[in-house]
Each structure stands twice: as structure tokens, then as C-alpha cells.
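I have placed the structure first, in the form of C-alpha cells, so that the comments after it can refer back to it.
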Amino acid sequence: MTQTNQAPLVIKLGGAALSCTQTLSQLFGAIAAYQKSAQRQIAIVHGGGYLVDELMAKLQLKTVKKHGLRVTPYDQIPVIAGALAGTANKLLQGQAIADGLNAVGLSLADGGLCHVEELDPELGAVGKATPGDSSLLQAILNTGALPIISSIGLTAEGQMMNVNADQAAVAVAGALDAELVLLSDVSGVLDGKGHLLKSLSKKEANALIEGQVITDGMIVKVKAALEAANDLGRPIEVATWRYPEKLTQLFAGESIGTQFLPQ
């Protein structure tokens, strides 16, 4: 792959997209076409909450969330890590390979990509990721491959941690000094009347959170996007994967969702 001066692009993929083969195929098709035309390095960071929920239900384990974050008891982290770093990662890698991409499956721990520490004792094995050493990831990107990174990390003591995938994507983008797009089930952030907000500042976002217009998991996403915009010093986009025909425009920098602006 020819190198350009364009910053790498990190795409966070989550929600129901992971359960729809056709959607994933269209998404990877758009990534392959854009990667080829723009000669740009791309990495994917993914969650897989629905897989975890399915597995927890099968094992008759209770799912508890606090402020939009999954409570992960330490005795459950092997199950959750297996679902995210194992099943979800390989499902995505397999689909990318089927669509002609050279995909490499990774986690936040590989090559010291992200430092991870316990976020809150009440949440259990839930980690906060910060940018680490991106040299291994950069070496993989330099081969033209597509890294697909799960949001499972390791602490300095080797403890497995579940990291919210939006927050993990922010840390990976920080490590790479990359642009970031957060793809989800929704078209962006909606106001109280259900209309798409084209841009959002921290002050506006906080008002919508206080007014309970932004709730649950969207609070985590919005906070991650605001944090990323400030840390990276560039706008961050929250958009939907539901319109694959618009993704090439999105990857090229055109806004199709809600942009979060650095303060």
C-alpha cells in the first residue's frame, strides 16, 4: 500500500451490525473500496454486547448495567473475554476475509497498544483504556492489512478487562493519532423531537444529558466522542452503519451523522 500524508482512520463498529452478515459484507465492501482508492490506513475497533448478552443468558448469568456500562464481575470476565476477543473478533475477521480483505484479529493488549486500569471497583473487571505503544499496530497497517481490534485489554498485572468499545476506540485513535468514526445502530444524536443534530458541543451535550434526552449507552458514546475530539484535536463523527452507500463519503470526511467538535 502506498503511504499518503492522510491520518489513519479508526472505525468503531458495534450494535446489531455484528449480527447481520449482509450489513457487514456491505460495510467491508465499502472499506475495501475506500482503502484502495484513498490508499489510507484503516483499523476497526469493535464491541459485541449482543453476543455477550446471548452467552450470559445461555449460562443463566445476570446482565447488570450501571450508567450504560456493563458490570463485569471478575468471575465472569473469562466468559465475556471469550465472547468479545474470541467469537465476535473472529466473526468480524472471517467476514472481512470473505470480502477480500487481509484482516488481522487483535486485542487492546497486543504490542502494548493500550494501557488498561480498573475503571471503578463497583463495575468489576471493567477497564479504562489510555493510548499505549502503537508500533506493532503501525507495522501491521504498513503491510496493507486491516486490523480488527476487540475491546478486551490487560492490566499491567495481566488481569483481563472489559473496556467499553467506544472508549477503547478513542484510546486506539489516540495511540495512532488517527481520525475516528463511531458507527452504531442510530444515525447520530437526536434532539428531544427525534431530529438529527449535525453537531454537538460539550455544553449542549451536557444539557441534553441533564434533560434525559441522551440516556443509557448513548451517554457513554457521547462522552467518548467529546473526550476524543478534545484529546485528538479534531472533529469526531457518530453515525450509523445502516446506509452502506453513504459510508465512503463518511470515510472521506463528509458528515452523515453528528459531529463532536473540539472545545
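Each Cβ is built from the backbone N, Cα and C atoms, and glycine gets one as well.
Arg70 is the only one of Arg70, Arg234 that Swiss-Prot places in the substrate site (with Gly48, Gly49, Asn162).
Set side by side, the recorded positions Lys12, Arg70, Lys221 differ in how many other CB atoms lie within 10 angstroms of their CB, and the most is found at Lys12.
In sequence order, Arg70, Thr72, Ile77, Ile80, Ala81, Leu84, Ala125, Val126, Gly127, Ser151, Ile152 constitute the residues six or more apart from Asn162 (substrate binding site) in its chain with CB-CB distances below 8 Å.
Spread of the substrate binding residues is 12 Å (greatest Cα-Cα distance among Gly48, Gly49, Arg70, Asn162). Between the candidate binding-site residues, Gly48, Gly49, the densest Cβ environment within 10 Å is the one around Gly48.
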